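All remarks here apply to the structure that follows.
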Amino acid sequence: MSIQTRSGMQRGTITKYRPFTPIELPDRQWPSKMITTAPTWCSVDLRDGNQALPIPMSVDEKLEMFDLLVGVGFKEIEVGFPSASQTEYEFMRRLIEEDHIPDDVTIQVLVQSREELISRTFESLRGAKKAIVHLYNSTSEQQRRIVFGLDKPAIVDIAVRGVRQIKDLVASVPETAITLQYSPESFSLTEIDFALEICEAVVDVWQPTPAQKIILNLPTTVEVSTPNIHADQIEWFCRHMRNRETAIISLHTHNDRGTGVASTEMGLLAGAERVEGTLFGNGERTGNVDIVTLALNMYTQGVDPCLNFSDLPAIQEIYEKCTRLSVPMRQPYAGELVFTAFSGSHQDAINKGMNALEKSHSPLWDVPYLPIDPKDIGRSYEAIIRINSQSGKGGVAYLMESEFGLQMPKAMHIEFGKVIKHLADVRGSEILSSELYQAFEQEYLQRTAPFKLTSFEGRTILNKAGSEALECIATVNINDVPHEIRGQGNGPIDAFVRALNQHGLANFTLKSYSEHALGNDASTQAVAYIQLQTPAGAFFGAALDTNIEIASIKAVLSALNRSTQPIKFN
Ligand SMILES: CC(=O)SCCNC(=O)CCNC(=O)[C@H](O)C(C)(C)COP(=O)(O)OP(=O)(O)OC[C@H]1O[C@@H](n2cnc3c(N)ncnc32)[C@H](O)[C@@H]1OP(=O)(O)O
Ligand SMILES: CC(C)C(=O)C(=O)O
């Protein structure tokens, strides 16, 4: 039983909407195809993107955007709808008169199939070396019925009249090589045989050849079906079209169902050769297909997209400035958070993957959770791992090493990881890397009570057995009371450990020791990590000093101090 409520969603049997009717294509070929080469890209940022902005771009902003698109490598750029407004017309004129258009770039202009608009469009083209004139009219049953109140032959007539006019006007711009592009707007909702009929009527008037093709742009004006149905529409069209070799089949996908990228990729499998879209998916409603995502999806499959996104943050900055939009944090490839792992198991795997890659020297990118090397697109490794209460020891260790050069021994990751987990839980927010270091300082480096080293001297002696040993003489303050201690061992740490135990000042054994240099200039310091086994348990200590011997002695006391006091950090 279906219950129709006055507002909100229908429940049960949905009568308000109906499923899209699939087209018949039982022997479809596209599912077993692969994308192996880049399509011809056409940016529609300055037209479809611009027409969807609350505040359209000014002429200067459009010029800046145009230069950006040229820099990225677009060879076809829809620069606007010159008959729509004075701003659009002026922009066209400035592009041409100020010589902004490189020889290998073709500008494209959109126009409805209306006589006065087509005439004005041709006026705007004067002086251009080459241009794609993009003619459109809407063809779906819904648009025919609601917008135009016309039957199919009348809709075909709108298109054909427009093409005839363009054909006549070509002679008015003899210096401009004109390519015709025709879009049966709302193709995605148009009966497929009617879409073919109107396109073939256009082709019959224009008379393209394999050398001078027409562009037939089949737009998903509104995305109304799953991407596989879109692919069937494109394959059906490609297979049924007369003289297919005289046309370039182009896609223009919107993202109403959130599957614009998938629809475009499947449309390419189905036989399309050209893609129109925008940077970061700007465009009407949910946007046009995002060309950055499409191109980088190809790249990460080993296909050269022939567009350069090596400095994506700089591209994003200009885009955001010109459009006054912002790229969402989760936007594929570009979003601020897309190369960041907060969760422990992801951090651990990334950390291991990065280390393994460094050791292997393999040219193949092979890091879990990162489908692309952030550095390929101008992102850094710095933001890959960020710490909050979902994070684990692996991520903390990664940051301590990548940000501060501290290579804590693996067993210490657990201990310091707990310190940071506690801090993140108490705080309930992100722990910045500077705070991570601060916690390390407080927990290890600044632990100087109750034991504090005031002096240490080591010298080589001959022991009773006649072999060389090290004797240490040190002063250790315990709760500010100085104690002079002496001990012998096979090295300074051993001698110091024995001295403390022999004098009854402490009771522990050395479990592990490691050290490394920090920095590589005159101010190089050494860092030592010591783990002690005390009656209260096993504890790490760490210390920094320009003298490695002193660093290790201080690290012993750091561990000892920690064993006498619970976690200090809060
Ligand atoms: C899917 C897309 O994104 S298509 C691109 C859409 N982009 C834009 O519209 C941005 C620029 N557009 C504009 O500035 C204006 O709409 C203009 C200048 C093109 C036209 O302006 P106006 O004529 O003042 O208004 P408007 O757009 O409302 O015109 C609607 C008329 O055009 C007709 N029309 C709409 N599309 C087409 C078409 N492709 N071919 C022929 N006629 C069309 C409508 O049926 C309607 O006719 P009616 O007045 O007889 O009912
Ligand atoms: C003019 C056409 C290509 C269009 O913008 C659309 O259908 O979205």
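Cβ atoms here come from the backbone N, Cα and C positions, even for glycine.
All TrEMBL annotations are machine predictions without curation.
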One of N228, N288, N297 listed by TrEMBL as binding Mg(2+) at the site of D48, H252, H254: N288
Binding-site residues: H252, H254 - member with fewest neighbouring CB atoms within 10 Å: H254
Integer mean pLDDT for the region 'Regulatory domain' (447-570): 91
Other CB atoms, at most 10 A from the CB of D48 (Mg(2+) binding site): 23
